[in-house]
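Q: Supplied in structure tokens, the structure appears directly below.
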Amino acid sequence: MSKANLLHTDNNMKIILFSEVSVGISANTILFFARLCKLLGENKPKPIDLYIAFLSLTQLMLLITMGLIAVDMFMPWGRWNSTTCQSLIYLHRLLRGLALSATCLLNVLWTITLSSRSSCLTKFKHKSPHHISGAFLFFYVLYMSFSSHVLVSIIVTPNLTSEDFMYVTQSCSLLPMSYSRESRFSTLMAIRETFLISLMALSSGYMVALLWRHKKQAQHLRSTSLSSKASPEQRATRTIMLLTSLFVVLYILERVVFQSRLKFKDCSVFYFVHIIMSHSYATVSPFVFICTEKHIIKFWESIFGRIVNI
């Protein structure tokens, strides 16, 4: 078995991983319920609020699944059978892909929503929610097929010592793939991620141009002695730009760590760092929404105020 199976002996790694998962679950829960209450309180809910709620729910489920997997990595209470291994690892892979798609499609929807009336994107404003929903369903089916290899590649960890198996948890291991199959799978993953990140880059480029235009307008307003307070569009643009920048930086770091893990033959340290990096966006991104949108802060202040009064 690979060196990564020594993870369960390191208490520091266990504390760091469970802390990340706990913080991420808490943050996504706060964001999800704040958005859900906003959606239920509006006569005509905004599509952007619906997709933010969906993204937070997807990330919440991803982190819960990772928490269950982490339990078997660090403190197994009993050996999982093959069905449990395959189901949880498959669900985790599927949710990671859906979180990536939801992030990208939210970026695109936000760009279309914030586009000016003179923009070429205006004609998509009323149709975009339906198109985004259709695109997400397409990606869902696509990821189900992409992740299906897990159902035949994940096995119960054998008792014998072997370097052929890649460690996943104390109970689960990954069978080695043939070179042709691994190349085909890697190519499909690369095409998927390149497409989604390119789409995010294009929409982010448009957002930069939009933010620059708003800045010019703000300078003009200041020169005419009118209020220079940032508009909701400017705040939304800055939020999505911050999220995109955060996603790209963390994605690049994750890829570097993943390649290092393969190079150093599944070293436990690189395996652990890769897990942390691959879930860092799901943990950090809710705080960007929470800190930049005042209504979420006010919502939870009112909730805690009622609890204290009781």
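Counting starts with 1 at the first residue shown.
For all residues, glycine too, the Cβ spot is worked out from N, Cα and C.
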Q: In Swiss-Prot, C172 is listed as disulfide-bonded to which of the following: C85, C104, C267?
A: C85
Q: With reference to Swiss-Prot, is N12 found on the same side of the membrane as S178?
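A: Yes - Swiss-Prot names the same topological domain for N12 as for S178.
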Q: C-alpha of C172 (disulfide bond) to C-alpha of N81 (N-linked glycosylation site): distance in Å?
A: 8
Q: How do the residues of the topological domain 'Extracellular' (157-190) split into helix, strand and coil according to DSSP?
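A: Result for the topological domain 'Extracellular' (157-190), in helix, strand, coil order: 12 helix, 5 strand, 17 coil.
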Q: Quick one: do the transmembrane segment (13-33) and the transmembrane segment (191-211) reach 3+ CB pairs under 8 Å, ignoring pairs fewer than 6 apart in sequence?
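A: Contact between the transmembrane segment (13-33) and the transmembrane segment (191-211): absent.
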Q: Where among 51-71, 239-259, 270-290 do we find the most Cβ pairs under 8 Å to the transmembrane segment (191-211)?
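A: The listed stretch sharing the most Cβ pairs with the transmembrane segment (191-211) is 239-259.
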Q: Only counting partners 6 or more residues apart, tell me which same-chain residues put their Cβ under 8 Å from the Cβ of C85 (disulfide bond).
A: I154, I155, V156, V168, T169, S171, C172
